[in-house]
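Annotated features, as they stand in TrEMBL:
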ACT_SITE  LYS205  active site, proton donor
BINDING   LEU9, GLY10, PHE11, GLY12, VAL13, VAL14, GLY15, GLY16  NADP(+) binding site
BINDING   LYS105  NADPH binding site
BINDING   GLU190  L-homoserine binding site
DOMAIN    355-432  domain 'ACT'
Amino acid sequence: MKAVRVGLLGFGVVGGGTVAVLTRNAHEIARRAGRGIEIVKILTRDPGKRRAQAVPEGLITTDAAMILDDPTIEVVVETMGGIEPARSYILAAIAKGKHVVTANKALIATAGNEIFAAARARGVVVAFEAAVAGGIPIIKAIREGLAGNRIRGVAGIINGTCNYILTEMREHGTEFATALAQAQELGYAEADPHFDVDGIDAAHKLTILAAIAFGIPLAFAQVHIEGIRDLESADIAYAAELGYRVKHIGIARRVSDGIELRVHPVLIPHKRLIANVDGVMNAILVSGDAVGSTLFYGPGAGAEPTGSAVVADIIDVVRTLTTDPELRVPHLAFQPDALSDGPILGMADVTTACYLRCEAEDRPGVLADITRILADLGISIEAILQKPPEPGAHTVPVILLTHGVREAQIDEAIARIAALSAVTGKIRRLRVESFA
Ligand code: NDP
Ligand code: HSE
């Protein structure tokens with residue numbers, strides 16, 4: 001049987017990793033797919049750039065039409081990133097009846113509903129395993145392996161760059177900017193690293209996970225997003241003293257009155273497996289009513305780990321080339337006419353335990369004033385830590401851990417504590433998740 005001809009859009013970190021894996025494991029891959037898989041054209045911006053992977057002369061082009069208009073190319077792999085022109089190229093490929101594999105979570109999270117509708121209408125596959133958690137096959141696991149479950153929640157470390165930075169800060173005292181530069185050098189970060197450190201990339205991935213876990217449309221605009229830019233090393237150190245690690249986490253959870261969709265730093269008890277996932281590694285907890293709790297762990301970014309996921313998708317597509325489109329696994333796990341629109345909760349309605357840190361004057365009654373505010377609002381305290389003053393300082397750090405509290409209540413408490421004359425500066429707040 002003739003090899004399947006593939007066009008690659010983008011030849012950077014992920015495109016290079018994809019070519020490396022396809023080349024090195026060509027024989028194994030053909031044995032799995034039932035046919036050879038051949039990259040016949042690669043689109044780049046700069047044809048003269050030095051690449052990690054050497055490819056035969058003539059393979060590189062700067063003209064997308066060489067791929068999109070070539071009727072012999074059956075599969076288009078998009079590893080360019082960004083919204084445009086990636087979106088237009090993918091829609092053009094679909095319109096020509098080509099199957100698509102993409103690593104582009106920003107595109108799937110924000111334009112996936114449109115792309116999947118176009119793919120369904122044309123009877124082609126759009127596969128996106130590499131879009132979430134790099135090398136971990138989490139899409140397949142949730143969409144197929146756990147298809148018998150009512151999923152209760154998905155929570156995970158889903159941005160390798162943030163996890164790498166937090167690990168470097170905690171273990172080596174590395175400055176934020178230095179750790180970010182290292183992550184960029186290692187090929188983990190997005191073209192615009194603001195997407196990583198401000199939580200947007202994790203929110204893109206959470207959007208996709210929530211859709212396939214709960215059978216809801218992709219709802220990126222409804223994710224609450226916070227990044228790690230404002231984290232202070234003092235909070236990482238105090239959290240450690242209290243027995244916690246600070247991680248950047250995406251959480252999609254069914255609760256009684258809706259679905260929580262949120263991305264932010266959290267304190268996790270250091271004994272939990274997920275608290276010990278370090279560096280670029282990702283880990284995703286999936287809880288289902290039948291299976292209970294499962295944890296998926298692996299590299300969340302980088303050339304070959306992500307290439308591994310892209311190639312798995314290409315093999316899947318090749319295997320289904322002759323399948324009736326109606327019999328394929330639905331793009332978003334649930335049949336398109338069975339998607340539901342459960343209410344997505346605003347943050348004010350989310351309940352979590354909290355970590356608070358403020359600077360307060362070290363005199364009688366101040367701590368009592370703070371705890372009285374919490375008591376008046378019905379907020380129960382789990383732990384209090386008062387640290388000695390820094391040399392020359394007139395205030396001391398006061399750290400509090402609360403039990404579970406609605407976000408609206410803790411916002412009110414923070415406002416009242418900040419208004420105390422004995423309290424200075426900004427009150428730091430982090431959420432706490434036990435993942436018990
Ligand atoms: P890179 O910046 O390393 O590579 C992008 C590639 O696309 C480059 O080869 C670039 O060409 C090409 N390209 C970009 N825009 C155009 C354009 N308009 N026309 C033609 N070619 C273009 O990005 P990554 O490989 O890191 O990321 C690619 C995608 O994979 C993104 O969607 C990212 O979110 C996703 N991803 C990345 C992971 C990672 O670990 N890096 C992990 C999982 C997903 P040229 O080289 O000539 O500049
Ligand atoms: N920039 C992303 C990360 C790449 O650091 O997780 C993998 O999606």
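Each residue, glycine too, has its Cβ placed from N, Cα and C.
Taken together, the residues in the domain 'ACT' (355-432) have a mean pLDDT of 96 on the 0 to 100 scale. Same-chain residues with CB within 8 A of the center of the LEU9, GLY10, PHE11, GLY12, VAL13, VAL14, GLY15, GLY16 CB atoms, the NADP(+) site residues themselves not counted, are LEU8, GLY17, THR18, THR79, MET80.
Ranked by Cβ neighbours within 10 A across all protein chains shown, the binding-site residues GLY10, GLY12, GLY15, GLY16 are led by GLY15. Distance noted between the C-alpha atoms of LYS105 (NADPH binding site) and PHE11 (NADP(+) binding site) is 17 Å. Annotation note: GLY12 (NADP(+) binding site) sits in a coil segment as assigned by DSSP.
With respect to ligand 2, the recorded positions LEU9, GLY10, GLY12, VAL13, VAL14, LYS205 contribute no residue with a C-beta closer than 6 angstroms to one of its atoms. Screening the recorded positions GLY12, VAL14, GLY16, LYS205 for a C-beta under 6 A from any atom of ligand 1 leaves GLY12, VAL14. Mapped onto DSSP helix, strand and coil, the domain 'ACT' (355-432) counts 23 helix, 33 strand, 22 coil. According to its DSSP assignment, GLU190 (L-homoserine binding site) is coil.
Looking at GLY15 (NADP(+) binding site) and GLU190 (L-homoserine binding site), their Cα atoms lie 14 Å from each other. For PHE11 (NADP(+) binding site), the same-chain residues that are 6 or more apart in sequence and have a Cβ closer than 8 Å to its Cβ are VAL19, ILE42, LEU43, THR44, ARG51, GLN53, ILE60, THR79.
Here the residue listed as 'L-homoserine binding site' is positioned 11 angstrom away from VAL14 (NADP(+) binding site), judged by their C-alpha atoms.
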